[in-house]
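Read the structure below first, then the notes.
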Protein chains: 2
Amino acid sequence: MDEFSFINSIKQHTYQQSSVVKGIGDDAAVFRQSSQDIVIAKDMFVEGVHFSRQTMEAYHIGYRALAANLSDLAAMGATPAFYLVAIAIPDNWSSLELDQIYQGMKVLGKKYKMDLIGGDTVSSSELTVSVTVIGYVGSGGARYRNSAQDGDIVFVTGTLGDSQAGFHILNNPGNYKNEAYFIKRHRMPTARIEFVKALKDCTRLSLNDISDGIASEATEIAEDSDVHIHLYEEQIPVSKLFTQFPPNLQHKWKYFGGEDFELVGTIPKNEWSIVQQAAISTNIRLSQIGYVTAASNVKDRVFLHRRNGTIERLDKKGFNHLRR
Amino acid sequence: MDEFSFINSIKQHTYQQSSVVKGIGDDAAVFRQSSQDIVIAKDMFVEGVHFSRQTMEAYHIGYRALAANLSDLAAMGATPAFYLVAIAIPDNWSSLELDQIYQGMKVLGKKYKMDLIGGDTVSSSELTVSVTVIGYVGSGGARYRNSAQDGDIVFVTGTLGDSQAGFHILNNPGNYKNEAYFIKRHRMPTARIEFVKALKDCTRLSLNDISDGIASEATEIAEDSDVHIHLYEEQIPVSKLFTQFPPNLQHKWKYFGGEDFELVGTIPKNEWSIVQQAAISTNIRLSQIGYVTAASNVKDRVFLHRRNGTIERLDKKGFNHLRR
């Protein structure tokens, strides 16, 4: 396999999106969009930092890399349309594994009718995947972090901490209940694309996807909206067998673990029923976990009301690259 | 410096493009484009493969990474609008160097009124930069590789082989003439954006940028257009002091070296004067280097007419990643 035949092997022969003008096969791709806004996000995923061959098979690396980007589109209220993949591949990855990385992305591409329209393929000493995703949203309809207001309900989709639990199981082999569930949540997270589509009638909605832990993501909403957010420990949703893990790990994973790719959002009370209906129609778990208050200072942003009645400040403590 | 303060440090406070709706600071960026086609390209640039600290300073790494992507936009006939940067950074790069990488991109961003609207920042053991660029082109106006026809003139901008000569000088210190010129051509290539803009009245034009060597790029045009391309050795443009290098290296760098980021194109004879005028108005060197003939077979694509009268087939022999 060489670079050119590899590019041929991943090239789509037909495109699902009618807005594509030119896909893979020239210096760049071309598309056309006159009625909607264009949403674009880009991520990077590095062997040894984000994953290892012990925790991910090739298929999962591709799946997760695209899913993480789809989650960014979901958090903007956008519908996926295209993706581009730049990949740096070491010698010790086989052609088959390389193919499986792309298969992991293709299955999501097919699910959401996304087209692979470009990218780059280079050699390296550690596997690095960078995905760029493009989606569409009605003109002016993107959902930002800056829309929370005093009195809003704070909600979250799904359950929190599962991805880190799966990662823990992979790195600490033992006798766990429901291993497969947690491992799947780590390797194959689900972006909440359909749920967000069902929220289109909300007039004001802030959204953020949980890539760095809810403490960090809720803080971003609170900062950008200049509000306080109050969360209730007893309302933070966890999966059925999450309590099998030590309490200190549960706490860490739930609030600071991240990579669950669930959504945290805020909504005015009078539109809460739209969100509830969206959860029912798309068959996902939805939890009211707190409320928004006006900001009385700019230092404290998110408060956790513990089961024991104490109130703690929740700080941004998610994974922070570059910390030296 | 941590990830979040770093992102703040690179964030633009104002945007130059009126089509930007949301830049850096949410889950994704948003822009709006109703009258033109959108062109997107993505590259990846790896320490130890594409560059080393011996051959590039931090500033050049950023400059060259964005310039290479701009060259793809030029080869599509597009005007740059946005860029996104995903970067994986090892511990042994300082905050200052990191800042200089972005400075190298910013200077080009300013030159072309491009906005940095997103990306990702992660840690790693080798520096990897992936740039995504977005540009605009009049609806249906993108320039592809498939437009060459029998009788067209083949042209190239600038001079070929200089980047590889610069790379050679950096890796083989010695007593060369005009070192600074060759090194600059390697570290700070110029995408031919203005020249391509001046070609807007051409009715039929194929374009490809020379990232992998003219043998490879001309072959791509010949294959996609199903034609033969004839090139004349004596017409291939080289810079004044290029002849100081050994003839075998000159040959290799000119035809197979790449990374000059010049443009090779084909144009009908009756529109050659538009191309000549564009070169004059944008002050770049332009050379007619050959012509296009109808394809008589699909195996041979590009022929080099040597000074000694012989004709050789020029194969794709540029740098090929993944070759195992």
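Backbone N, Cα and C atoms are what each Cβ position is placed from, and that goes for glycine too.
According to TrEMBL:
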- A:Asp27, A:Asp72: Mg(2+) 4 binding site (BINDING)
- A:Asp27, A:Asp72, A:Asp209: Mg(2+) 3 binding site (BINDING)
- A:Asp43, A:Asp72: Mg(2+) 2 binding site (BINDING)
- A:Asp43, A:Asp120: Mg(2+) 1 binding site (BINDING)
- A:His50, A:Glu259, A:Phe319: substrate binding site (BINDING)
- A:Tyr102, A:Gly119, A:Asp120, A:Arg145, A:Ser211: ATP binding site (BINDING)
- A:Asp212: Mg(2+) 5 binding site (BINDING)
- A:25-137: domain 'PurM-like N-terminal' (DOMAIN)
- A:149-298: domain 'PurM-like C-terminal' (DOMAIN)
Practice item. Report the mean pLDDT of the predicted model across the domain 'PurM-like N-terminal' (A:25-137), rounded to a whole number. Key: 94
Check your understanding: Of A:Asp43, A:Asp209, the binding-site residues given in the record, which has the fewest other CB atoms within 10 A of its CB?
Key -> A:Asp43
Study note, to complete from the structure: Those binding-site residues out of A:Asp27, A:Tyr102, A:Arg145 that pass a Cβ cut-off of under 8 Å to chain B are A:Asp27, A:Arg145
Review point. Whole-number Å distance between the CA of A:Tyr102 (ATP binding site) and the CA of A:Asp120 (Mg(2+) 1 binding site)?
Key: 13
Practice item. Using DSSP with the three-state reduction, classify A:Asp209 (Mg(2+) 3 binding site) as helix, strand or coil. Key: strand
Review point. Considering only the binding-site residues A:Asp27, A:Asp72, A:Glu259, which fall within 10 Å of A:Ser211 (ATP binding site) when distances are taken between Cα atoms?
Key: A:Asp72, A:Glu259
Review point. Under DSSP, the domain 'PurM-like N-terminal' (A:25-137) has how many residues in helix, strand and coil?
Key: 35 helix, 46 strand, 32 coil
Study note, to complete from the structure: For A:Glu259 (substrate binding site), the closest of the binding-site residues by C-alpha position, picking from A:Asp27, A:Asp43, A:Gly119, A:Arg145, is A:Asp43
**Study point:** Nearest of the binding-site residues (A:Asp27, A:His50, A:Asp72, A:Asp212) to A:Arg145 (ATP binding site) - Cα to Cα
**Key:** A:Asp72
Exercise for review: Give the number of CB atoms, excluding that of A:His50 (substrate binding site) itself, located within 10 Å of its CB.
Suggested key: 25
Review point. Counting across all protein chains shown, how many other Cβ atoms sit within 10 Å of the Cβ of A:Ser211 (ATP binding site)?
Key: 22
